[in-house]
Amino acid sequence: MASRSFFGALWKSEASRIPPVNLPSVELAVQSNHYCHAQKDSGSHPNSEKQRARRKLYVASAICLVFMIGEIIGGYLAQSLAIMTDAAHLLTDFASMLISLFSLWVSSRPATKTMNFGWQRAEILGALLSVLSIWVVTGVLVYLAVQRLISGDYEIKGDTMLITSGCAVAVNIIMGLALHQSGHGHSHGHSHEDSSQQQQNPSVRAAFIHVVGDLLQSVGVLVAAYIIYFKPEYKYVDPICTFLFSILVLGTTLTILRDVILVLMEGTPKGVDFTTVKNLLLSVDGVEALHSLHIWALTVAQPVLSVHIAIAQNVDAQAVLKVARDRLQGKFNFHTMTIQIESYSEDMKSCQECQGPSE
């Protein structure tokens, strides 16, 4: 009993020497962990948005696949390379829709210790493979068109070409209606401009733009079919259309390739201006300087940011963190943000590592 009293007294004596723990800072850290993901998803319905996007893409890709096969058959029967080129453009649309569907599926897979960013960039690799395959198909069609112009030994069935191209215009209109977004959505805490952009799924919007481009090409093929149907001696219009539409297909894929290279090289994504982000952070009260600002993207529609913010003395770090995060999220809707708060020192003005990148 005496030994218990002795150890109890010893414990009280040693405990009095332990420095006090700063509980408010611990509490703030817990709160910041609580709201950093909760507020990011509050007021939005990502799962229902993805389901709507999937339904639209399923319908459009099914229509696209069926008619692409029909155009290949019709182009073969009509001996028309222009229709074959239009089918190649449909292949571009179909491939982009498959990539979008794949990205919507793979983005729901959880990250692992090995793939700690998740599987987001599988979409980028698929897009690169799609572009390369389309270039091969287009190159073959251009080669055949050159051969036709040189030899002149070919016949085109104007009636079959006319029917097929007319159906192509109708099918592209149907696909456009299936992918068209009415613009109804929900917005909480964002500007009108930001909410109007966010309520449109980027995958569906990209597919819709592809279909509009293919519709214009199909109208061109239809005009060529009318010319050949009434004036069969003008059959050289077909290979000429093949050249023109091949340029259109390559132009479409070049924009995709540019986005792919930008993501793989971890460049600043489209829609996010480096200087604007920097000035927005410097406008937060208490922020004296910033450095190591990096902006890149996991995929085309998922920008990521990391930055070190230097704050003045006696400034609430958690308050600065909250304001900076809310402003960035409200204006740019970053997928992931990592913001490190540190104390400002005068030597940051002359430190080369603390200076921003060149233009």
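Note: Cβ is positioned from N, Cα and C throughout, glycine not excepted.
As recorded in Swiss-Prot:
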type	residues	note
TOPO_DOM	1-56	topological domain 'Cytoplasmic'
MOTIF	34-37	motif 'Mitochondrial localization signal'
TRANSMEM	57-77	transmembrane segment
TOPO_DOM	78-86	topological domain 'Lumenal'
TRANSMEM	87-107	transmembrane segment
BINDING	His89, Asp93, His210, Asp214	Zn(2+) 1 binding site
TOPO_DOM	108-123	topological domain 'Cytoplasmic'
TRANSMEM	124-144	transmembrane segment
TOPO_DOM	145-159	topological domain 'Lumenal'
TRANSMEM	160-180	transmembrane segment
TOPO_DOM	181-207	topological domain 'Cytoplasmic'
TRANSMEM	208-228	transmembrane segment
TOPO_DOM	229-236	topological domain 'Lumenal'
TRANSMEM	237-257	transmembrane segment
TOPO_DOM	258-291	topological domain 'Cytoplasmic'
MOD_RES	Ser283	phosphoserine
TRANSMEM	292-312	transmembrane segment
TOPO_DOM	313-359	topological domain 'Lumenal'
Under DSSP, is Asp93 (Zn(2+) 1 binding site) helix, strand or coil?
helix
Additional residues around Zn(2+) 1, ordered along the sequence, whose Cβ is within 8 Å of the centroid of His89, Asp93, His210, Asp214:
Cys64, Leu90, Thr92, Ser96, Asn172, Val211, Gly213, Gln217, Thr252
For a quick check of understanding: among the binding-site residues His89, His210, which residue's Cβ has the most other Cβ atoms within 10 Å?
His89
Between the transmembrane segment (124-144) and the stretches 160-180, 208-228, 237-257, work out which stretch tops the count of Cβ pairs under 8 Å.
237-257
Distant-in-sequence Cβ neighbours of Asp214 (Zn(2+) 1 binding site), under 8 Å, six or more positions away:
Asp86, His89, Leu90, Thr92, Asp93, Asn172
Check Asp214 (Zn(2+) 1 binding site) against DSSP and tell me helix, strand or coil, would you?
helix
Residues of the parent chain within Cβ reach of the topological domain 'Lumenal' (78-86), under 8 Å, 6 or more residues beyond its termini:
71-72, 138, 141, 144-145, 148, 154-158, 160-161, 164-165, 168, 214, 217-218, 221, 224-225, 237-239, 241-242, 245-246, 249
What is the interatomic distance between the Cα atoms of His210 (Zn(2+) 1 binding site) and the residue listed as 'phosphoserine', given in whole Å?
40
As a quick check of your reading of DSSP, tell me how many residues in the topological domain 'Lumenal' (145-159) are helical, how many are strand and how many are coil.
9 helix, 0 strand, 6 coil
I'd like the number of other C-beta atoms within 10 A of the C-beta of the residue listed as 'phosphoserine', please.
11
Specify the count of other C-beta atoms within 10 Å of the C-beta of Asp93 (Zn(2+) 1 binding site).
24
Residues sitting near the topological domain 'Lumenal' (145-159): Cβ under 8 Å, six or more positions beyond its termini, same chain?
77-81, 225, 228-230, 232, 235-236, 238-239, 242-243, 246
Which sequence-distant residues neighbour the topological domain 'Cytoplasmic' (258-291)? Criterion: at least 6 residues beyond either end, Cβ under 8 Å.
121, 124, 127-128, 131, 297-300, 303, 305, 307-312, 315-316, 319-320, 323-324, 327-328, 331-332, 344, 348-349, 351, 353-357
Give residue numbers and ranges for long-range contacts of the topological domain 'Cytoplasmic' (108-123): same chain, 6 or more residues beyond its ends, CB-CB under 8 A.
50, 99-100, 102, 263-264, 298-300, 302
